[in-house]
Amino acid sequence: MKLSHLAAALSAQLVAPVAAGYLRQDILTAGTLRDTTVPAAPNEDLNQIVSDSQLLSLHRTICEIESVSNHESTVGEALIKYLGEHDFTTEKQIVPVDEDDDSTDERYNVWAYPKGSPKPKIILTSHIDTVPPHINYSLHAPEGDFDRANITIKGRGTVDAKASVAAMIIAALDHMKESPDVPVGLLFVVSEERGGTGMIHFSDSELNTSPPFFHTLIFGEPTELKLVDGHKGNLRFDVEAKGVSAHSGYPWLGHSAISEILPVLARIDGLGDIPVEDGGLPSSEKYGSTTLNIGTVRGGAAGNVVPESASASVAVRLADGTVEDAQDIIRKAVADASGGSKNITLKFPDDKAYPPIDLDTDVDGFELLTVNYGTDIPKLDIHDEDSDVKVKRYLYGPGTILVAHGVDEGLTVGDLEKAVEGYSKLIDAAVKRG
C-alpha cells in the first residue's frame, strides 16, 4: 500500500476487512499432476471411490467436521476414536481457548503413540483448526476423460491442514503394519491459525523433555509436495496516533490524528525496499526481501469531524536478522517520520515473534522450496543443546497455499495420495537415524 492509496483509504475512513487474529499467507505456485487418465463413465461414483479408500475416507471424515480455531473438540474426538481403533494409545492435552475468544469449547491437542511406546523418537505433527468460515466438503470430477487422481476435493481444511493430518496417519499406520514397534508418534494441535496456542502448550508441557526423547519432527503444511528448506520470520506491531477532535469547518481548533499517522505509515510501508544502511529492514539471498503488510487502518468518527484517534496494525515477514534488530529499525523509522511526536505510540504486543526459520532437507527425492508463510515450528522449543543427537525438523505436505484460506480451498486425490508416499519417505529416513 503506497502513500497515495493509503491517504485515499484513510480519508474515506475505511477499515480493511480481515478476520481477527489471522494473517493472510503468501502465494506459492501450483504443483503438477501425474497423467493417469483412463476412459470412464461420466456418472462415476465419487463418493464410493472415497469410501473405498482408507486415506480418502479418513480425510472426508475430519473435513466434514467444522473446526474453526477454538472450536476443535469435535474433530479431536473423531481422531481419538480413529486412532484408538488402530492400535494407538491416545492422550488429550487440554488447551484453554484463546483469551480474545468467547468459545466455551473444551478443546485439546491430540497426542498419540503406538501402544507401549510413550516416547517415540519420530513425531509427525500438524494442526486440526481452520480459519473461518467453514465450507462444506465436496467432490468434483475432472473435466474430460475420467482420471481418479484428478478428482478434486474442496472445502475448508481440505488443504490446510487436514490433508496433512490424514496423510500422516495413514503413513504411520502403513509403517506399523510392517513394523509394529516403529517409534512414531502423532501430535495434532489446536489454534495454529490463531498464533500457535496449541503448540506452545505442548512445548511448555512435560512431554517436551530436556533432552528430547525424540530426534525427528515432521511438520505438515501445504508445501506442494516439496520439502521446505526454511520460512521467513514473523513480527507484528501496532501504531497509534492521538489528536484533538473539532468541527471540520474549524480544523485549527483541533488536531488530526490521521494527519499524524499518515507519514509514519508511508515510511513503514517502504521499509522492505530500503537498504539496511539507509534505515530499511534486511533482505537475504535465501528469503529475498523483508515484506510488510499494513493490514488494518482505523481512524476518525465522521467526515465532518477532525479525528482524535487513528491506528494501524502491521505484519512483517522477516528475511534476515533478529526480531530485536527489526524492532529497533522500526522504532527509528517511526521516530524519524513523526519528528519524534509524542502523539505517536508504537507497540509490539506479540511475544510470539520469531526470526527466519531454517529447516532440514537431507532426505533425497524431494524438490526444495522456501516459503513466506508462518508455521508452528518456532513455537516448539527444542532442548537439545546438551544432547549428542540434534533434533531434525522437516516441513512437507500436500496442496498449495494458493488456495488455502480461500473459497476454493481444495486439492486432488492424486496430491493427497502422493503425500502418504512423501511422509513415508521421511519416516524411513528418520528410522535409519536410530
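Please read every residue number as a count from 1 along the shown chain.
From the backbone N, Cα and C atoms, a Cβ is placed for every residue, glycine too.
What Swiss-Prot lists as signal peptide is 1-20, and the listing cites sequence analysis.
Following the DSSP three-state reduction, the secondary structure of Asn136 (N-linked glycosylation site) is coil. Taken from Swiss-Prot, the feature N-linked glycosylation site applies to Asn136 (among others), supported by sequence analysis.
According to Swiss-Prot, the N-linked glycosylation site annotation covers Asn150 (among others).
Here Swiss-Prot flags Asp160, Glu193 as Zn(2+) 1 binding site. Cβ contacts within 10 Å of Asp160 (Zn(2+) 1 binding site), excluding its own Cβ and spanning all protein chains shown: 30. Taken residue by residue with DSSP, Asp160 (Zn(2+) 1 binding site) is part of neither helix nor strand, so it is coil.
Under the heading Zn(2+) 2 binding site, Swiss-Prot lists Asp160.
What Swiss-Prot lists as active site, proton acceptor is Glu192. The Cβ of Glu192 (active site, proton acceptor) has Ser69, His127, Asp129, Ala161, Gly198, Met199, Thr375, Asp376 as same-chain neighbours under 8 Å, each 6 or more residues away in sequence.
DSSP assigns Asn343 (N-linked glycosylation site) to coil in the three-state reduction, placing it in neither a helix nor a strand. In sequence order, Ala241, Lys242, Gly243, His255, Ala257, Glu260 constitute the residues six or more apart from Asn343 (N-linked glycosylation site) in its chain with CB-CB distances below 8 Å. What Swiss-Prot lists as N-linked glycosylation site is Asn343 (among others), and the listing cites sequence analysis.
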* Which of Asn136, Asn150 has the fewest nearby Cβ atoms, counting only those within 10 Å, among these glycosylation sites? -> Asn136
* Asked: Among all the protein chains here, how many other CB atoms are within 10 A of the CB of Glu193 (Zn(2+) 1 binding site)?
  -> 23
* Asked: Glu193 (Zn(2+) 1 binding site) to Asn136 (N-linked glycosylation site): how many Å between their Cα atoms?
  -> 19
* **Distance, Asp160 (Zn(2+) 1 binding site) to Asn136 (N-linked glycosylation site) (CA atoms, angstrom)** => 14
